[in-house]
Amino acid sequence: MSTRVYPAQVDVAIVGSGPAGATYARILSERASSATIAMFEVGPTVSDPPGAHVKNIADADERAHAQRRSEGPHAREDDDRVGGIVKSAQRRARPGTYLLESGYQADGEDGLPVAAFSSNVGGMAAHWTGACPRPNDSERIGFLDETGELDELLSEGERLLGVTTDAFDASPYAGIVRERLAAVEDAHRDADERVQRMPLAVHRRDDGPLVWSGSDVVLGDITRGNPNFTLFDESLVTRVLVEDGRAAGVVVTDVRTGERRDVRARFVVVAADALRTPQLLWASGIRPDALGRYLNDQAQIVFAVRMRDFTPVVDADGVPQTGLSEYTGVTWVPFTDDMPFHGQVMQLDASPVKLADDDPAAPGSIVGLGLFCAKDLQASDRVAFSDSDVDGYGMPAMQLHYTLSDRDHATIDRAKAEIVRLGKAIGDPLDDRPFVMPLGASLHYQGTVRMGLADDGASVCSPDSEVWGAPGLFVAGNGVIPTATACNPTLTGVALAVRGARHIADEITADLASV
């Protein structure tokens, strides 16, 4: 196998190819096009264009192959895999993800038993549901609201992700689902907090099919066409170089050959997800007090109902038509401080509970409800790293410390009652009781490299996402979010990345102007 040629020096080195890392590449391509950018991704390219969502792969076998190749250092090429979290005590990973093998639960703690990762170009954005709601109430970041920046950054995030609310407008039962939910939920809500269409990173092609956004959409043609941008897949960054207290580049290993190279850089952006970003900083000897702390996930409760008064849509031959979310769309019940959970309602491909053989579900008639709960933030909830043991990539092994507080248990109990109430408004429950997913199932890990206004030991980075005490080093992704959120965090994570990327672009262009 030929040796890969890495650049000796670039202006910006980006670690990770998910939406946040892609945001840095896109903003820099737009605002500082002369800057040389190298993006490093430990996983392989599994879709075309690189970073595209696997849902856009029409062939089912090819799509499954792409998912398997995303499943980490021990990914299999064959069909011998177990996927999909089910209603059991087993630890299982969704297709396209792989579980933390050990260290997911400390003795006497709740842990995150199904904490998971994806290793592929595009990260989890090649496998996600695409929900992009804006944060509300205490989910919002106060110091960015005070400057009037947050909503503009969120709007920019929506542009980059290709967020729409009309992709499912033709869904025959979407309006009915919203009407039934609104009838029991909207009376006590402000107008912008009422039941509504879910903002989604998806659009519908003129010829009909849906196209789901991945990092390919965030990168866009401008980044792919930028001669100064290069994406290196199957490239493991093992250390951030620091000289005279400032980030100076990265050490990268070619996963295919094992060869190691130093790549010098003026700026380093670590966007490796909320667990592997602090892992890389730790491995580099960059260890602020808050690193890995304030880890938070969203407890997830699910419930399924059969829609009342449901008539399947049929084609010209009388055959029922179906497809994920094509009947009922995706409905959003926003988080509020009074109702501290985020609701997502959509058609299920199939019932999560086996129906009687003589009572088959009409295609599209089964609606799934999910409520995501905001976590009670605790500094003791953290990811710690070993100085001796390593993971499958040879990086410091993780140990998660995670405990639900009394407040968390109360929120979950309240959400269980709420989801039954909402479900009964739509249809007839398939099960009397809602199901609490294993902790970690949301995949919405946050807080481990959190943003703050001051270097006070309670945050890792500044509002520009620059790591305290390590100029030139930036962190990106959901781990930067400093608040407890119940909504899907991707849009917020991208919005914060926009601010950091603009800061780097401004520094680069200012330097060029001074020459």
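Residue 1 is the first one shown; counting continues down the chain.
Heads up, the Cβ atoms here are built off N, Cα and C, so glycines get one too.
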If Swiss-Prot gives GLU41, SER118, ASN120, MET124, THR129, ALA131, VAL237, THR490 as binding FAD, which of ASN226, ASN228, ASN478 does it give for that site as well?
ASN478
Using a Cβ cut-off under 8 Å and a sequence separation of 6 or more, which residues in the same chain sit near THR490 (FAD binding site)?
PRO19, ALA125, TRP128, ALA131, CYS132, LEU161, ALA201, ASN478
Using a 10 Å radius around each Cβ and counting other Cβ atoms from all shown chains, which of the recorded positions GLU41, ASN120, THR129, VAL237, HIS444 yields the largest count?
ASN120
